[in-house]
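Participant: Attaching a single structure in structure tokens format; questions to follow.
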Amino acid sequence: MQQYQGDEIKDTDIPTYLEAKLFCTTFGKFIWVMLQPFFYAFRPLVTYPKKPTTLEFVNTVIQLIFDAIVVYFFGGRVLGYLIFGSVMAMGLHPVAGHFVSEHYMFKKGYETYSYYGPLNWITFNVGYHNEHHDFPYVPGSRLPDVKKIAPEFYDNLPQHNSWTAVLYDFVMDPDVGPYARMKRKAKGLESRPSRSFRTRTRIPLPHQHSVELRWHDNQTFDLHPTRRSVGGEIRASAPPPPPPPPAFTGFVVNEF
């Protein structure tokens, strides 16, 4: 699995220098939030362009055909409604707050944040972002279980409880903006679970049910419910994380 978080070239989620300079005021950040879907769509074409694949060409043709059908049968206003709805959903919208909440440094030294508010119910637990980074192969439906299994790793980290508050603070706080990101000069990491050994951690639980975590050789991470007596345990099997290279600092909960 390749990881490029914070890579100044390959992480296209990081705003460009021009964005950080142009949208650094309160009004500028408000406009930036509204235009966020356009930056997400076109920024990679500028910062890290790639040759389009055959499937991307096929996808574009299918989309254009669908758009033409919508215009032919329902008119241009309907197509405009669909486009405008997509722009609004990714811009100035509470759910779109997750784009800002995940990696913008609201507290210095912490580059990844989780959100534990009610909107996780309709976003497939996308707010459990620290948990997702630690175990990217755990499905969204089981990420809350990861937090329950190891609260000592997550409960004391800075976290968000409102995406609406995230957008408000992002716009109004002069210390936060498109520039508030951790950037690295590294080219990224490539890590693979070792097939030669595994580590196992035992955590006592005062419950009748526990969850067994197993990391398979094919790099999938499964949660298997098991039934045990009171005072049972969770067995967490995972490969030991490699030591981070010197160029990488400031990771939030990247070791288990």
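The backbone N, Cα and C atoms fix where each Cβ goes, glycine too.
Sharing the features that TrEMBL gives for it:
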type: DOMAIN; residues: 10-155; note: domain 'Fatty acid desaturase'
type: TRANSMEM; residues: 20-42; note: transmembrane segment
type: TRANSMEM; residues: 54-75; note: transmembrane segment
type: TRANSMEM; residues: 81-100; note: transmembrane segment
Participant: Residue list, the transmembrane segment (81-100) vs rest of chain: Cβ under 8 Å, 6 or more residues beyond ends.
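Facilitator: Those are 33-38, 40, 70, 115, 119, 122-123, 126-127, 129, 162-164, 166-167, 170, in sequence order.
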Participant: Please give the sequence-distant neighbours of the transmembrane segment (54-75): residues at least 6 beyond its ends with Cβ less than 8 Å from one of its Cβ atoms.
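Facilitator: That would be 82.
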Participant: Express the predicted model's confidence over the domain 'Fatty acid desaturase' (10-155) as a mean pLDDT, rounded to an integer.
Facilitator: 96
